[in-house]
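Database features (Swiss-Prot):
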REPEAT    20-60  repeat 'ARM 1'
MOD_RES   SER50  phosphoserine
MOD_RES   LYS202  N6-acetyllysine
REPEAT    208-253  repeat 'ARM 5'
REPEAT    573-630  repeat 'ARM 12'
COMPBIAS  935-959  compositional bias 'Acidic residues'
MOD_RES   SER940  phosphoserine
Amino acid sequence: MNFLRGVMGGQSAGPQHTEAETIQKLCDRVASSTLLDDRRNAVRALKSLSKKYRLEVGIQAMEHLIHVLQTDRSDSEIIAYALDTLYNIISNDEEEEVEENSTRQSEDLGSQFTEIFIKQPENVTLLLSLLEEFDFHVRWPGVRLLTSLLKQLGPPVQQIILVSPMGVSKLMDLLADSREIIRNDGVLLLQALTRSNGAIQKIVAFENAFERLLDIITEEGNSDGGIVVEDCLILLQNLLKNNNSNQNFFKEGSYIQRMKAWFEVGDENPGWSAQKVTNLHLMLQLVRVLVSPTNPPGATSSCQKAMFQCGLLQQLCTILMATGIPADILTETINTVSEVIRGCQVNQDYFASVNAPSNPPRPAIVVLLMSMVNERQPFVLRCAVLYCFQCFLYKNEKGQGEIVATLLPSTIDATGNSVSAGQLLCGGLFSTDSLSNWCAAVALAHALQGNATQKEQLLRVQLATSIGNPPVSLLQQCTNILSQGSKIQTRVGLLMLLCTWLSNCPIAVTHFLHNSANVPFLTGQIAENLGEEEQLVQGLCALLLGISIYFNDNSLENYTKEKLKQLIEKRIGKENYIEKLGFISKHELYSRASQKPQPNFPSPEYMIFDHEFTKLVKELEGVITKAIYKSSEEDKKEEEVKKTLEQHDNIVTHYKNMIREQDLQLEELKQQVSTLKCQNEQLQTAVTQQASQIQQHKDQYNLLKVQLGKDNHHQGSHSDGAQVNGIQPEEISRLREEIEELRSHQVLLQSQLAEKDTVIENLRSSQVSGMSEQALATCSPRDAEQVAELKQELSALKSQLCSQSLEITRLQTENSELQQRAETLAKSVPVEGESELVTAAKTTDVEGRLSALLQETKELKNEIKALSEERTAIQKQLDSSNSTIAILQTEKDKLYLEVTDSKKEQDDLLVLLADQDQKILSLKSKLKDLGHPVEEEDESGDQEDDDDELDDGDRDQDI
């Protein structure tokens, strides 16, 4: 606090002692009073004094006010008074009408109090927590106070909010507040928060800020809205400008499409309010932020395409050609359209097709050029039209060809009813207005930029100077105007046009040198010692002469490279020439023009350099300097290298064209494949639908069939009793035949099983007898597992056969029972003479038994069917066992061969071991004879190892 008193010592005589004492007493009440009402009244009194006695209240009461915010959060009224008091202390808004000499002091005072407040970061965190309160009297003063802190000391407050947990998210909730004043002040708060802080900008953008802000703009009426729309647009600019991540997020979120509604300006609009002009101006600037030339090329291109696809470019062109548009809006619209079409072929083609609503219709380019060469139009508008024309021709060879074609004799309209772009450019080039000369020269230079074909085509242009005189070429007319000594702006424009025209075009250089007056004029301009105003012209003349040397193909004997360099050395001097050449890049307006493509000048006098021309100077200044100092031999070598490079470039171009054609073919084939895939998918879906329909029809058919069978069964139930004696014996006989077949098949299966058992036993015996103990030791566990599996399969087959035999026996018994029942039924048929009642009773009994027999017959049929299926399965298992036995036989043969080989190898090893032992014994005896001690333990150890190996082998044999 003493620091503030020292800094603001000039105000020490400020209030009377009674006021200072009052403030001190109020602070004491806030600090020491136990009653909430007393503290509340004291804070309210401090609030009323804080505007007039800002310094004293700030020095004495700030700590107490912060303490109130910490301890009295339950009382919204005292919190509101405390926040308002802090706002009055920190904010400079109330000092706007104060005299200028005290304004700076008040600003310093606000920043110093802000520094004291944020010295403890917990104070900002406390303020963020208060913003979560929904109470209007707490939330709104908190928003105002935090906004004031950000305005006073933005970066440190931003850093505190950034590291605070959910700090930015809490502030984003303000945009969803239903109370407009809080929402609107929340927008202002976010403006201050996002200024020059990329990290916070990203967080705010990913907190759905774009969606909320665009909704607010739509609710407020787009461009017809009030100052809230302006604030939202400024916040959107903060989020998007120089922030590639947010720009990509804005494009990917399809928010560009929502911008189209902003520019739907109807002709029925009675007038343009100042707020509407401001809003539309900011909207156009926001579009330019997305397509700025300083953005990454990929991001700019994608935004340009999105703007064309959603109709935003079309809407901007509608405003461009509309009537009654304010001049500043029209100028900004031209600049916006310029950057939307810059370098985008699709957008440039669309812009070329736009016509002005005139009779007859004229292309928009022609109408704009008419404004550019008209000296009565505003300077800013003419600059905007030039920028639009430059952007239309940027990387647009098609557009360049169309503009140059309007200058050629074959395309000029003989009737003179329509004015072409070429005629307007020529008219501006040779006008008496120096600004028109400069603009037309720069525009024509952009029609030639990087396009050697159009440079050659422009050499064909002939101009009729006066009646009776022969036509003069455009190139010659430009040099004639240069030699006449016109204004500096005109000469600079023509020299820039000639430098652009002659660079990278040896044919144009030859045409230029063919006029014998051009070289002496250039050398004379360079050699003279003129004032500072003419130094720029001298530098441009030096550049033009250097281009004539560097791109010279030596087709003219009098003006070869070597002769021109000798001429420079004689007339000018190499050092003097290089010094004059450096005048261009040292000019103060050169660096300004090289920064941005847009020709943005405060007045016509500053309109000297073009952005693209500065690039050309950077490219050629160094190579021209080297070319001046090169010898003829080095020039020859360089020409050979150039020819080789040209040949290489031609080959590369040829292959590029081939690759391009192949790419087109691939694209066509891919499209065909995609169409065929679509057709295939459609056919597959159709087939699936048809299959489902067929299945439905089948199900319906089966259902109808079952229903029909039930009906037939009910109809034939009355006649079944009469056919018992005829049908039942047939069924029984058929069952007997099936049982006999099952018996015979069972016998056959048992015989086959017996044969398989004998085969397996033979294999086992042969395997046991044929394999030695070593073979058994080397036999893989996999073979043993296969044998075990075969045994299990055989046992399973046997058990299945036993179960089948039991089933057959059961069926035989059931068959005999059926026969007995049939005989009893035959005996129980009624005899003549019995009473009708007895006959009816017996008939009923017979019908019941008959239905039971029929049911049992069906069950027998099902069982027989199951037995037949089991028989088939057993047959398959037998076949698989046969194949397994064959495989085992082959494996046994292989094992037998391996055992034989291993026996031979073991015999050989035994022989080798015996020889080795003999050698070892002889060596040991020799060592003993020589007197060396020999340990006998090794032999015993070896012998023990051998014994262990033999024991292990015996165990393996036992296994």
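Just so you know, the numbers here start at 1 and follow the chain as drawn.
Glycine residues also receive a Cβ, built from the backbone N, Cα and C atoms like all the rest.
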Between the Cα atoms of SER50 (phosphoserine) and the residue listed as 'N6-acetyllysine', what distance do you get, rounded to the nearest Å? 37
Under DSSP, is SER50 (phosphoserine) part of a helix or a strand, or is it coil? helix
DSSP on the repeat 'ARM 5' (208-253): how many residues come out helix, how many strand, how many coil? 37 helix, 0 strand, 9 coil
Counts by DSSP class (helix H/G/I, strand E/B, coil) across the repeat 'ARM 1' (20-60): 35 helix, 0 strand, 6 coil
Using Cβ-Cβ distances, find the residues under 8 Å from LYS202 (N6-acetyllysine) that belong to the same chain and are at least 6 apart in sequence, listing them in sequence order. ASN243, SER245, ASN246
Among all protein chains shown, how many Cβ atoms are found within 10 Å of the Cβ of SER50 (phosphoserine), not counting that one? 25
In terms of DSSP three-state secondary structure, what is the assignment for the residue listed as 'N6-acetyllysine'? helix
With DSSP as the reference, give the number of residues of the repeat 'ARM 12' (573-630) in helix, strand and coil. 40 helix, 0 strand, 18 coil
